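Student: This is the structure I have questions about; it appears just below.
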Amino acid sequence: MSTASDQRTIAILNGPNLNLLGTRQPEIYGSESLDDIDRMCRKHAESLGFSTRFQQTNSEGELVSMVQDARACSAVLINAAGYTHTSVALLDALLTVEAPVIEVHLSSPHTRESFRHKSVIAPACNGVIAGFGSLSYRLGLDAAVALVDANGVNA
Ligand code: DQA
């Protein structure tokens, strides 16, 4: 059930290995830490009149639970990391979300190994923003807010 505290809140969910950002393959994922991205997102969302719920897990089941808990939020941004390409359970959870869902990636999976070209979760997402480093999250927030405002959902 939607609570007052979930309205005008955007859930930003992060999957496995993103806790290592800053030290994990910086040539691909950049030098910013996940905390840096959390701070940037909070600041940007606040400037747009929203708060954020920023979470990360390495576990597929926990990510599914985070999606379920985010159903009362105004929108969901998700970087499912490796589970993007494998998780039917995550797709099923995202299909239950009525609010806008934006898939984000730091890198551009389509220009990398072929196993990254397929997003299993894409059918549950309004769109995908990839390849802009941490800017993907900021652009994802802009897209989410535009969709929330257009839908008049939890606005
Ligand atoms: C990623 C891309 C995925 O292919 C990869 O498994 C990740 C990070 C990205 O943000 O670029 O862990 O989602």
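We number each residue from 1, going along the chain as drawn.
Every residue gets a Cβ built from N, Cα and C, even glycine.
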Student: Per TrEMBL, which one of ARG53, ARG116 shares the substrate site with ASN79, HIS85, ASP92, LEU106, SER107?
Tutor: ARG116
Student: Can you tell me how far the Cα of HIS105 (active site, proton donor) sits from the Cα of ASN79 (substrate binding site), in Å?
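Tutor: Here the two Cα atoms are 6 Å apart.
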Student: Would you work out the biggest C-alpha to C-alpha distance among ASN79, HIS85, ASP92, LEU106, SER107, ARG116, the residues that bind substrate according to the record, and give it in angstrom as a whole number?
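Tutor: Taking every pair among ASN79, HIS85, ASP92, LEU106, SER107, ARG116, the longest Cα gap is 24 Å.
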Student: In angstrom units, rounded to an integer, how far apart are the Cα atoms of ARG116 (substrate binding site) and ARG24 (site 'Transition state stabilizer')?
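Tutor: A Cα-Cα distance of 17 Å.
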Student: Of ARG24, ASP92, SER107, ARG116, listed as recorded positions, which ones have a Cβ less than 6 Å away from ligand 1?
Tutor: SER107, ARG116
Student: Work out the three-state DSSP category of ARG24 (site 'Transition state stabilizer').
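Tutor: Note: ARG24 (site 'Transition state stabilizer') is coil by DSSP, not helix or strand.
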Student: HIS85 (substrate binding site) to TYR29 (active site, proton acceptor): how many Å between their Cα atoms?
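Tutor: Per the Cα atoms, HIS85 (substrate binding site) and TYR29 (active site, proton acceptor) stand 17 Å apart.
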